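The block underneath contains the structure these notes are about, expressed in structure tokens.
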Amino acid sequence: MTGDWMSKITHSGLKSWIEEVIALVSPKDVRLCDGSEAEYQQLCQQMQEAGVMTLLNPELHPNCFLVRSSPDDVARVEQFTFICTKTKEEAGPTNNWRDPQEMRAELHELFQGCMQGRTLYIVPFCMGPLHSPFSLVGIEITDSPYVVCSMKIMTRMGASVLEMLGSSGTFYKCLHSVGKPLAPGEKDVAWPCNPGHMRIVHFQDDSSVMSFGSGYGGNALLGKKCVALRLASYLGHKQGWLAEHMLVIGVTNPEGRKKYFAAAFPSACGKTNLAMLMPKLPGWKVECIGDDIAWIRPGDDGRLYAVNPEFGFFGVAIGTSEKTNPNALATCHSDSIFTNVALTSDGDVWWEGKTATPPQGMIDWKGRNWTPGGEPAAHPNARFTAPLDHCPSLDPQWDSPQGVPLEAIIFGGRRTETIPLVYESLSWEHGVMMGAGMSSTTTAAIAGELGKLRHDPFAMLPFCGYNMAAYFEHWLSFAGKGLQLPRIFSVNWFRKDENGQFIWPGFSENLRVLEWIFRRTDGEDSIARRTPIGYLPTEEGLNTTGLNLSRDALQSLLAVDTQGWRAEVNNIREYCSIFGSDMPRQILEELSRIENELK
């Protein structure tokens, strides 16, 4: 097997990099992945035999598997995620920076011999539609068959990508290891990892990623957050486009007119639910381009076009149910991998929120018999990895090489007070300030940070690959290019009343907010009123027919809380101070304008 890959790779730069890596990590075997279904099944079979994967009941979930990770490798690890640029200033105050030379030396030591006793897999992948001029090719070298199978679902992967790369194409070097070499005769564990030495490192000078010690999704599937956001955002800054942590949907009204919207929410704030929304209002349709990442570029006609670079969903399982997201359950019905969920006695999967009553006789995510009233059966960051084309509401343009034209950009977060249900920016600059000022209650997708309110500008705090002040400036620069820019909105489904209950019903009823946004992009002025914080819906402008929502509740959702907003402005201004003199003045001017108008 070791020599087979040589004849199939015509790219001399790729060949020499692979040889370098093999010499460094000393694998027992080398395998070039072709992305075929036969290869996927063989690797899944191999993982079943090793006790890594459990085949689910094929009558309930055809061709689906359950994987349990180590309890200390369950989420992205921001404290061990580094951006290596020439200077610390280029990475900015929100990123962990290390000197590239020092970090390379440290990683060289960690990777030395780290694949002993393991197979090295070469995984060619493409972020974006094959043969789109905007797509990026990466090669991930990994010692994890779980990563190989997940990359087959999450990216366009295999022989077709090598063919596309040819003998001289540009590619991103992505090196990953679980960091647990095996001595001769040593028995492997089900989920090898090395929590004491985790490193997820991005080198912007040569567009490469090195990840060590973790097998978890965001740390190990290097095409996702690493290439498609952290490296791509840096590239976009240089080339005049945006790589964003955004869902993209097509919304069609009862007259048959369709518009595309992009929306940025922090992890576990409902991106996947909105991306797969099933409207209750008659005649409306919502279709999904993607639920997590959007690459946005100016088109020849002056509009901004969005592409989803991914090929699958890596969705949060907790809370996903027939009520909250039936399309997600349909998407992961077959050909999917579930990680850290519970296993039922009949070979099905379960997680908190899937049904009102937990089934009897389950095995929890740690592999133990589960008893009600104890620890959760599924980990809070349990995931499903499912193919994009299994989504029942997939948009026909999902694979378009040019992308889809955006008419609205939406920012949202999990805020229990102050922030209204929906409002629209007064200008592009004001909209950029709205994105820069985003904050949200944190979730289980980030290790060790559950339940705190934190600033998360554009939902990109963990994913922006350069100085965020320069990133804000980059967003602002689109106003000076003569483009037909989308309108910008803010939404907040998570307002609570004095009893701690959510005021807005959410989920499929969020279509009512999308309807207001749709009508605003049509230029309907009568449905909005201008306030210091932006255009808010009039009470009659928001369609609440058939909702059990009192007038008082509606008014509180659409009110400008003067005191709360003064505190919000101060809070955003204080946060902006970490960027010092790099902070764009337009954002500070917008904050001052709001403050003055609130008086």
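Glycine residues also receive a Cβ, built from the backbone N, Cα and C atoms like all the rest.
Residues annotated as substrate binding site in Swiss-Prot: Arg76, Tyr216, Gly217, Gly218, Ser267, Asn381, Ala382, Arg383. What Swiss-Prot records for Lys225, His245, Asp292 is Mn(2+) binding site, and it gives sequence analysis as the kind of evidence. The annotation GTP binding site is assigned in Swiss-Prot to Ala268, Cys269, Gly270, Lys271, Thr272, Asn273, Arg383, Arg414, Phe507, Ser508, Glu509, Asn510. Under the heading active site, Swiss-Prot lists Cys269, citing sequence analysis as support.
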Cα-Cα separation of Asn381 (substrate binding site) and Lys225 (Mn(2+) binding site), in Å?
16
Specify the secondary structure state of Arg383 (substrate binding site) as given by DSSP, simplified to three classes.
strand
Give the helix, strand or coil assignment DSSP yields for Thr272 (GTP binding site).
helix
Secondary-structure category, per DSSP, in which Arg76 (substrate binding site) falls:
strand
CB neighbours of Ala382 (substrate binding site) within 10 A?
27
May I ask which of the binding-site residues Gly218, Lys225, Asp292 is closest to Ala268 (GTP binding site) if we compare their C-alpha atoms?
Asp292
Cβ-Cβ neighbours of Tyr216 (substrate binding site) (radius 10 Å):
24
What is the set of residues, excluding Lys225, His245, Asp292, whose C-beta falls within 8 angstroms of the centroid of the C-beta atoms at the Mn(2+) site?
Lys224, Ala228, Leu229, Ile293, Phe463
Near His245 (Mn(2+) binding site), which residues of its chain come within a Cβ-Cβ distance under 8 Å, counting only those 6 or more away in sequence?
Leu229, Ala264, Asp292, Ile293, Phe458, Ala459, Met460, Phe463
Of the residues named as substrate binders, Arg76, Tyr216, Gly217, Gly218, Ser267, Asn381, Ala382, Arg383, how far apart in Å are the Cα atoms of the most distant pair?
16
Measuring Cα to Cα, how many angstrom lie between Ser267 (substrate binding site) and Lys225 (Mn(2+) binding site)?
12
Top Cα neighbour of Gly217 (substrate binding site) in the set of recorded positions Lys225, Cys269, Thr272, Glu509:
Lys225
If you count Cβ atoms within 10 Å of each one, which of the recorded positions Ala268, Cys269 comes out on top?
Cys269
How many other Cβ atoms sit within 10 Å of the Cβ of Gly270 (GTP binding site)?
25
Phe507 (GTP binding site): which of the recorded positions Arg76, Tyr216, Cys269 is the nearest Cα neighbour?
Cys269
Which has the fewest other Cβ atoms within 10 Å: Arg76, Arg383, the binding-site residues listed?
Arg76
